[in-house]
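Below: the structure, in structure tokens.
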Ligand SMILES: NC(=O)C1=CN([C@@H]2O[C@H](COP(=O)(O)OP(=O)(O)OC[C@H]3O[C@@H](n4cnc5c(N)ncnc54)[C@H](OP(=O)(O)O)[C@@H]3O)[C@@H](O)[C@H]2O)C=CC1
Ligand SMILES: C[C@H]1O[C@H](OP(=O)(O)OP(=O)(O)OC[C@H]2O[C@@H](n3cnc4c(=O)[nH]c(N)nc43)[C@H](O)[C@@H]2O)[C@@H](O)[C@@H](O)C1=O
């Protein structure tokens, strides 16, 4: 059994690789770095898939970033993600790959979808402008999988992660997501002895956060589901599966918790000039629960593990 993990040096791909190595010792796991194989290059992906002919593909490679990055580089977010998914999914099919898992995002749902958001809320309303290009690419990824399944009988599956965080995250001060951004900002403020930390936006948006080890476990759970169970719990035209905790907090509550975890004793300030983005995007996770998976690591524990990882001098914190 040969499994190709695309994006293995990223936060989710890295967690998936660790769990595969621990649980599938018999499998041959294939990886390539971005420098070794640019997945936006159609010919390079075709040559790689024809040479490797993996049995399974886990597509965790993508152009990923927080609200500021999405709002600043929309062309990169739509182009890179469309190219990566089109190349990997099409070339996997040409190489006879039977099973593939595509990672989308909770941002595929309409800005004002009823909460919690069920899988059938997809394409029922306008998207959040700050990440619409990325969301369009991710929706196209789901439809690529579904279209190859319908026309060619492949078994290409899609999971929609909520906001993720944990070891291996991107800690870039501007382009990162809120959890790594605030872990770093509170840590540096504590080290400098600052009296205040500025948090972007109003603090009122709500977000759901899933620890990356849980995401990796859920990804492999869905990837390994027998086809009958997967089909019985999903719809061929709405085949994606939400992955989250089913609980959310305000950004203010998140910032206060991170401040406590870091041990910062100053005050919070909110910068209203920064975008809030979607007011809320809580996922309905009952479909995945019905299949037999629920999350394990709560937010406080996950933040404590993430902060320990961030401050561990034995590795370089990635910033892209
Ligand atoms: N993090 C989050 O909160 C969420 C993530 N997701 C999805 O989960 C998946 C994984 O995200 P995450 O692990 O956080 O992202 P990361 O940015 O941590 O990892 C993405 C990986 O993809 C690689 N990559 C990017 N572009 C290319 C390319 N053209 N060719 C080859 N490799 C490439 C990156 O390599 P390099 O850095 O060297 O360019 C990196 O290793 C993505 O599909 C993302 O959309 C969904 C919802 C939330
Ligand atoms: C996973 C998800 O991630 C993105 O959407 P997002 O959830 O809006 O992402 P975010 O984590 O960047 O922000 C969440 C909230 O947090 C607030 N916030 C406060 N202070 C900081 C801060 O310092 N940095 C950041 N990034 N946000 C901050 C910020 O203003 C916003 O209200 C898209 O990639 C989307 O496509 C997607 O898939």
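Positions of Cβ are set from backbone N, Cα and C atoms, glycine also.
TrEMBL labels come from automatic prediction, so no person has curated them.
TrEMBL lists 185, 200, 207 as binding substrate, and of 55, 276, 284, 312 the one it places in that same site is 276.
In the shown protein chains, 21 other C-beta atoms lie within 10 A of the C-beta of residue 207 (substrate binding site). For residue 13 (NADP(+) binding site) paired with residue 134 (active site, proton donor/acceptor), the C-alpha to C-alpha distance reads 19 Å. Of all the binding-site residues in the record (185, 200, 207), the one with the smallest CA separation from residue 161 (NADP(+) binding site) is 207. When the binding-site residues 185, 200, 207 are checked against ligand 1, none has a Cβ within less than 6 Å of one of its atoms. In the three-state DSSP assignment, the secondary structure recorded for residue 10 (NADP(+) binding site) is coil. Straight-line distance linking the Cα atoms of residue 276 (substrate binding site) and residue 107 (site 'Important for catalytic activity'), rounded to a whole number, equals 14 Å.
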